[in-house]
């Protein structure tokens, strides 16, 4: 037989595995030559370190067969014959009894293949089909085999055949002759070495490494193109294959993306055609197109029969039975026992899959619950975050309000001091007025007396003059006094007007404050309601979370139990897995032994084939001998023996394949189960982690909830402290009143009883003789009196308990009084703080007034300085103009003089004209300079205007600030008025507190009275007991006397009187109860009013604190504005200084220009006098020395200096 060229190539170390190779090229002449020469394969190759399956085609009988090869280079092999026959069916699919061997190159999922696959066995250029596929080694049976393109190995399970398509016509007729075979073998590859050594030594060039064209010559062009097209889809990863050949029936050309079944059997069909063609005559005969059909053996028919579904127990039994039955000589009963044992061992693995599904379902439920708990925790955290800012804001508001209240109290005290001072001043003024009026009356009386004296005494004229002087002086004094009085009255009127205005503002502020207080109170109520609701929700959520936590703990316990059970089961299954693994290794070793035996059989077959080939060569050498017939007979016998051996080998291979498949299936099942066990362990570990995290989260959430609840409880306690104290005081007052009323009623009852007892005693003393006969009735009365004594003792105990409770109530009232005193002290401190803040505000106001005045003064100074600078500039300009006029006049005079002289000197006119032109140019330049100076002047004027506007703006801003300050003062006055009102409210509260104290004192006095009454009652009781004892003794002495009628009537009358008294006392009791209820209602109303007033005061304090803060902010803004004005003032000062410097430079420049002009004028005059030349006309001279030109010169010089 021929060996593949890949065997000759050097190959690396190969692991144990199944290698599958498909050889489609016919037997070459070189190989036949090697067989003829008797070349024998070494025996050690059959026992190499690797094994595999190589599919080759033997071209003797025209039929292919499967050869088991060791996978090593040069290894021998033996084959199993594959028989074929024509099929008369027209459908194009394989029949159910087809015996086509499994083609490992038909379809393997997930691996790309080259588009052109070679069918030649000697093609070294093939990258896939030329190499043997390798399965897993014996050491790697426990783990899953890697499926990557680099390692192109696969198990026997993945190598399933596909349905065959209609192939080319194949002639299965008997061989034509031996001569044709000889010619066939001799015609191919003559110059090459034969046999395995030739393959080893021969290396084909790349040009000759092409696929065999043995079949392509017989196939039409369309089938070749179709095969080439189908080879591209040969390794589609989306393909799915079936393990049964008869189940796949598809058309030959399908447009679907799945590979065509033609690609699955293209190689087998080609090999069979090649085998048939190799034994035909050189002249090919025309053949009818028929469908392929292969002969079937009983083994393949048994494998292809309808079986149970793959996942059922029957299917597993059948597979295990087939595996154990193949190649064993045991009885059916022993084989079935083994099958049952294997199934029992595999049953727990199936159960593990169900247990793993349950664990996965439990894990899903746990994850859902974890998500729900996390959501709830997030919601609670959000609620807490929402409540925290409100709580913090309320605390801040409380602090701010307390600060504002303290500041307002200080302001109130300050205002009170100012009001007292104003009252003192008014009183002083009133005293002065009274004194002035008294002086006026005294002076009037003096005037009247003086007038009388004048009338009486008509003395000399000097005396009259003295008197008149005195009168005049007194009149002047009176006028001065009247003027002072008028001034004082005017001041009083102004003060009264201011007071009325303040009162009106205070009323408005009070109304606004009341509204604001109500609004704030409503907001506080809403906030408290929201807090209560949030607390209720938090408590509910906490309860829900606790319940869920308990559920989770129960679930965790159950999961832990399941984990322990699963761990035990996994240990058991691991032990079972190891046992199965050992059994599989044992079976693998048996398979290896069987394969070794197969290889030995193949070696023997190869030797026989070589012998036969030698004989054939000898027959060719001696064609005319008589031995030819015998050789042919021997050939037929050997062919029959080969067929039998091939059939046996095929059966053994099928059995081995089945065993391998079943073993691989069991291995895959065991691997899947092991993977599931590992996944379960990982899932259990993850579940434990998640449970720990859940516990930590629950603990954190519970801690956070506890903290939030504690904070909310503290807030609620703080808020409810005042309410609870007030309610407790009210309830205690009500209880005291009720107890007092009850005690009064009991005292009345006891007094009535005492009065009745005294009357009874008097009567009994008068009628001792009558009562002695009625001893029995009196004993009954004594029993009744004993019962009354018991009731009195119970009443006494009740009174003692009530007295104790009253004492406790008094102690509580004392504590409340202390708390109220502390609150009053705190209010006093807050008032002091308000006073201090008011003083600070006044000081800040004074500083602002001072700064504003200073800024106004500085602005005025700046304006005056700028005006003075302008005036100086204007005066300088006027001076310059006057000087220029004078110079022009002098120049005109000189010109007139020069005109007279020019008449004499007319010779130098030309020179003078040139000089005149030059002077004209100079005048034009001076005019330009003058224009620039005017422009500079205008710019300066504009700058001055801008500065004036800025000063005006600053003044306006200062006026606005002054207005704002006035507004602040008005607000402060309003706040002071509000403070006064708050002081009034505080005074009212103190009055109410005093009233409560008075009521407490009254209650104490009443309690003392009750105690004294109780002592009196006890004394009366003692006296009654003594009287009872006396009566008992008297009754004992007067037992013999009997007067029942009179005593009975008297006792009945006494009973009626007592009943009437009891009814009257009950009526009084009802009246007292009604009065007590009314009083209780009044007390409750008073407590509610007190609470409202306290809240009102607190709200007012908060508002005042807010207003004080707003005023502080306004003061800060005013200070910032003042700083900004200072900066602007400094900028203005800098600009003025720069202007002064520019003016000084201009003045210096003007002086220098004046000097230059005087020098030029003197020089021109000297030249004119020296030359004695006259001008043409006076007009030209006047035009040259025009005053405007001189002014332009001056302005030009000024502009130059300014530009510098």
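For all residues, glycine too, the Cβ spot is worked out from N, Cα and C.
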Range annotated as motif 'ZIM' in Swiss-Prot, from 33-47, 48-62, 63-77, 78-92: 48-62
Neighbour-count leader, CB within 10 A, modified residues: 340, 581: 581
The coiled coil (360-1161) [mean pLDDT, rounded to integer]: 73
Pairwise CA distance, residue 340 (phosphoserine) versus residue 581 (N6-acetyllysine), rounded so that it is a whole Å: 18
Secondary structure of residue 340 (phosphoserine) (DSSP, helix/strand/coil): helix
